Amino acid sequence: MAAEEPEVDVEGDLAAAPGEAASEGHENTASSLLQDHYLDSSWRTDNSLPWTLDSSISEENRAVIEKMLLEEEYYLSNKSLSEKIWLSQKEAEKRSVKSPHKKTGKVMVRSPTKPGSYSLKWTSEEKELFEQGLVKYGRRWTKIAKLIGSRTVLQVKSYARQYFKNKAKNDGSEREEQSQHGGTLPTEDGVRVEAWSAGNLRGRADPNLNAVKIEKLSDDEEVDITDDMDELFSPAFQQGVGKSELSIISESPAEETKGTEHPFPHVGHSSAVSLLKEDPQNTKQPTVDALLFQDGAATCSQHVNGDKSVNLEYQQCNDFIEKAEQGRTGMSHGARQITDQELNEEQRDLADNGLLFHPPCQVDEDHQEEAEALKPPDQEVEIDRSIILEEEKQAIPEFFEGRQAKTPERYLKIRNYILDQWERCKPKYLNKTSVRPGLKNCGDVNCIGRIHTYLELIGAINFGCEQAVYNRPQPADKTRSKEGKDTVEAYQLAQRLQSMRTRRRRVRDPWGNWCDAKDLEGQTFEHLSAEELARRREEEKLKPSKSSKGSRQIKSSFDPFQLIPCCLFTEEKQEPFQVKVSSEALLIMDLHSHVSMAEVIGLLGGRYSEADKVVEVCAAEPCNSLSTGLQCEMDPVSQTQASETLAARGYSVIGWYHSHPAFDPNPSIRDIDTQAKYQSYFSRGGAMFIGMIVSPYNRNNPLPYSQITCLVISDEISSDGSYRLPYKFEIQQMLEEPQWELIFEKTRWIIEKYRFCHSSVPMDKIFHRDSDLTCLQKLLECMRKTLGKVTNCFIAEEFLTQIENLFVSMYKSEKKSNAEENKNEHSSELES
């Protein structure tokens, strides 16, 4: 019978607009369908009142709902559908990706966001792998998805939700079947199945045969985890059933008022219809069991196609249930009558399974997850230092997953070191910070902290200390309540340790750095320029340290602007590659850094030779900076333009540079973090990425030459665990003449950009109190030193003279324009 009916696209993605359907001559549009077609007399509000859709519904959802109603009228009145609808269905059939299961008559639901390129049905092998992964990894869907291989994380997560719900429902149905008498009808999950006679469903068999199981699940897919639909839609089953005896609960608010088949409205945002398996020997009266699932704390509201909500008051929900009971009194003799006492029992069963409506506040209280406190250990635990227990592998799984950086040997080293430190300081409390200095190159501080927490929770360390905390609340997984006590406790430990991975809410401080929100509470900030900051640090170094007897103020443990001296490469740790820099790049970096007391920034272009292990820096491209005086970041637009300029010259981006105008060319903690991120990003393609820091006016440097540091960031962690160690390269200058015209044009651009800035350096002022050179003369000395290695002195002097004249002329024109402006202002004041 199902094969004779036209295939209906229930997704509605390509549904025709209601206006278009009407224009084709269809008289009964969805907005004017009478309730007589659908509702029993006890449900009608008015015999002649037409249905109207809520005006707040969007046009897209309105079209989908109206199309569904038009299709229902076709089934009920045997009227032909409009030509527009048939055309849209044919177009949808051409565009849609057909499921291979459609050949057997089973209707599958495709994702509304993307066509299904995979089998929506879970195979038995996938289900077995899912259950194995659940036992092995718990609720870690990423790992379970990797174990299965053929499913994504979202698919596994969606399947797991239905798996746990069905498992809970099946447990409840087994208890119900044991307590029920043999004379009652079959039940499942505490909901009695009503037998409907053929008379009540006359003319409604066709739409039921074409019914589709629709679930609104998380993220992007619908997962069918029951095998019941296969048997129901098989040809043999359909022949045995005939036309009459299927009933389903409507799946959406638009279908909810179509008949009296459902005694209860569905709850929450998702509901599932599972069809009860039919006994092959008894096909006279098949039944359908409706399972209504709740997601969290349900409220009496439902979403129409996920767009607008139809709110129902609690009293209206009860009235709806009462009307449904009244509507069932008109059943034929084939239906079983339900007495008031049985109805109360049914409501109690529904309430036990969380399927009956409650007031919103009551439902919220009932569904709140309770945090279970872990019991403190009764005695101190002694751990064998040479072995790793299975409980440890379950609690700290990251060291036993085959990672290159986190191995079981490293876990043993960290664990045994923490145990040794506890033996030394016992009975004094052993905190996490005190064990970090002895665990260099053993991973990040977070994984060390998790091992410390695990040992503390089981009583291996800090036993009997007041500071030890055992009641770390974490929702317990109720699906593991039937497992052994030891397994459950180990799983709870793993859950608590995994909860430590969640990051705290972080905000930006006044300098733009990410930090914990609590770190900013009660603080005041003083805004200093880079020069003032360097001067203040010098003064603090010169001040004698005073030992105060009273309580001294605790200094902040993290300063993003703290300068970190670079380590030198040794024979044990050799340079990964050599760095050669062209004279052009050195000249541009010097020019750029000398004209501003704020930090400047730019990109380095060149090439990397894998065979020779050499990085050649051939060009430097200045960029606009987003500077606050204390730090600078590269402007994204300017960065893109600089990358394109380097690519046009045939160079790759192999590094970046920035200036420390008046302090040492050592990277700050923030610079280290930025450089490490760049290195990680570029290393994916096998490229190298270096950082260079130029310090033109360092007060600790009496020489007129700029200080330049070329560095990379290693994987080694500092003693306090707050940063990775930077390493410094020895720079070799390439013996090639620069492109004179290009440098001259870059110089003109730099002067034009910075001469009007507030941070502009007065090039005619003395650069250092112990020197007679002006800032411009100092710049020329730096350039003279660079050019002395690549060209003869005559060419170099001629070029430097041109650079000097360019600076003088442009800065003089600036002074002249300023003088004219001041003169005009004075004259206007006198005239007024």
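Each residue's number is its place along the chain shown, starting with 1.
Cβ atoms are placed via backbone N, Cα and C, with glycine included.
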Among 112-125, 364-377, 532-545, 658-671, Swiss-Prot lists motif 'JAMM motif' at 658-671
Choose the correct range: of 1-33, 760-792, 793-825, which one does Swiss-Prot annotate as region 'Disordered'? Give that range. 1-33
By Cβ distance under 8 Å, which residues at least 6 away from the ends of the motif 'JAMM motif' (658-671) in the same chain are close to it? 513, 530-531, 533-535, 537, 558-566, 592-593, 596-602, 625, 631-632, 691, 693-700, 707-709, 711, 722-723, 726
Tell me, what is the mean pLDDT of the domain 'SWIRM' (374-472)? 87
